[in-house]
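Report on the structure given below.
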């Protein structure tokens, strides 16, 4: 029993994304540039929302939470991957793997819930503009954020504790760059068919419920926009929702590809591609989409830049 416990607590091996070839060195440098863009873009979005009083609204409070989730998401996976690549080491401790699994699953679940609740915010803003301050008060926005964080964290904690309790055998080598569920569960050396089925059902529920809420919200929004007589009002409505819709499509598309396919149809390469997209690419694109397509955020950015120039 003692020997099995010692074995269970041994390090895991992460094969990572890159080898020592010149091509992979270039891709590694490109990944680090993307990481820095994600880091600076999301940090800038959070700071702008905190500094500019014009952005102290429920919509932008929820956007700041989204940016914070994206910021944590890239910081959960990329630094360890980069450290292993530069040092030549490929190991991650049992505790480090469990922590990484808990964080990425918490952040992914929280983002699913938050994006769904943000679609409700857009529905209220367009379909019930006169009641917006009542239906989307600061208290409601805070409750939405807390629900996203706490609900996803509880779900992640349960799954992480169960998964890391199983015995692991063999070389403990993961053909991945972080401790993602599909890569970790392959190392378990007991029958986990029931657990995998449970996780699969939970993943479908956690993805489908937000998708249903998003689809319903945008269905009502589209109906309201069609009934608008003013072309200017229609343009404003589409401009308000387009950024959120693009982010939702990117995020849920990547998550569906990664988690709603049966295990028999998965390959390590496909898992890596899906993970790169939603853990690196999407957190990088989100602040760019909101900054470039949102007049309020762009205006706040110009204001801050002008202040900096005047101060100098």
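Every residue, even glycine, has its Cβ placed from backbone N, Cα and C.
Because TrEMBL annotations are produced automatically, they should be read as predictions rather than curated entries.
Features reported for this protein in TrEMBL:
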type	residues	note
DOMAIN	41-290	domain 'G-protein coupled receptors family 1 profile'
TRANSMEM	25-49	transmembrane segment
TRANSMEM	61-82	transmembrane segment
TRANSMEM	102-120	transmembrane segment
TRANSMEM	140-166	transmembrane segment
TRANSMEM	198-225	transmembrane segment
TRANSMEM	237-260	transmembrane segment
TRANSMEM	272-292	transmembrane segment
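Non-local neighbours of the transmembrane segment (272-292) in the same chain are 17, 31, 34-35, 37-38, 41-42, 44-45, 63, 66-67, 70-71, 73-74, 76-78, 104, 108, 175-178, 180, 243, 246-247, 250-251, 254-255, 257-258, 298, 301; each lies 6+ residues outside the stretch with a CB under 8 Å from one of its CB atoms. Residues 109, 112-113, 115-117, 119-120, 122-123, 126-127, 155, 159, 181, 185, 234, 237-238, 241, 245, 248, 252, 255-256, 259-260, 262 of the same chain lie 6 or more positions beyond the ends of the transmembrane segment (198-225) yet place their CB under 8 Å from a CB of it. Mean model confidence for the domain 'G-protein coupled receptors family 1 profile' (41-290) is a pLDDT of 87. Same-chain residues lying 6 or more positions outside the transmembrane segment (61-82) and placing a CB less than 8 Å from one of its CB atoms are 14, 16-17, 28, 31-32, 35, 38-39, 42-43, 45-46, 49-50, 92, 96, 100, 103-104, 107-108, 110-111, 114-115, 117-118, 121, 138, 141-142, 144-145, 148, 177-178, 247, 279-280, 282-284, 286-287, 290.
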